[in-house]
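> One structure coming up, written as structure tokens, with questions to follow.
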Amino acid sequence: MTATLEQRLDAFRRLDDAKLTFARRDWFPGTSGNLSIKIQNDPLQFAVTASGKDKTKLSPEDYLVVDQDSRPVDETALKPSAETLIHAVVYKTFPKAGACFHVHTVWNNLISELYFGQRAFSIQGQELIKGLGIWEENARITVPIVENFADIPTLATEIEKVITSEVPGVLIRNHGIYTWGGNDFEAKRHLEAFEFLFEYHARWLQLRQAVVSTTTTN
Ligand SMILES: CSCCC(=O)C(=O)COP(=O)(O)O
Ligand SMILES: [Zn+2]
């Protein structure tokens, strides 16, 4: 069965909301980023941003619906995001995921670079970890980092190997983050929590370095 018009329009409207919210934060520099909302599981169909669009604007040609093989379900001149395969991997790995968001930010890129040569970034004891749905006291999270393979099927396979239900996100080194949730509200909350934690940690490392330099030179 294919997605109804009502289901598509609802997904497109939700994508508009998420897109404009993230655009206001400058989270789509240079047409980067892509967003999707799942419409149905069996067979998998989801609405995804079209490739190469200016994601700070709304147009009637912003989204299309694709199937489990990341192919458009309708005849269209629009091309799905070049990274649609990664969204498909997320939905196939986590059947309860209802939305998947990808942004390139300075903070998520910095964190992936600061941990160059390592396969994960860890942080503990931050209140915003609860924004990821993890409520245990003094929780530690570990966000996997994969290398930025130019070949998207390879990148998608590497992501498939490391994503777990423990943490709803994965960093791609010097590229960006993919995060997901049960619906668009949850995926947005996760993205905001991750970005806070990345910015906090990068700034904390910088301040600590400045304090160490001051105390050693005095
Ligand atoms: C200009 S950013 C390079 C491609 C990318 O990483 C991205 O997120 C946007 O690709 P899309 O095909 O979804 O527009
Ligand atoms: Zn990207």
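The chain as shown is numbered from 1 upward.
Each residue, glycine too, has its Cβ placed from N, Cα and C.
Those TrEMBL annotations? Automatic predictions, nothing curated.
Below are the features listed in TrEMBL for this protein:
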BINDING   HIS102, HIS104  Zn(2+) binding site
DOMAIN    13-202  domain 'Class II aldolase/adducin N-terminal'
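Tell me about the surroundings of these features in the structure.
DSSP assigns HIS104 (Zn(2+) binding site) to coil, not to a helix or a strand. All chains included, 18 other C-beta atoms sit within 10 angstroms of the C-beta of HIS104 (Zn(2+) binding site).
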> Over the domain 'Class II aldolase/adducin N-terminal' (13-202), work out the mean pLDDT and round it to an integer.
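In the predicted model, the domain 'Class II aldolase/adducin N-terminal' (13-202) has a mean pLDDT of 98.
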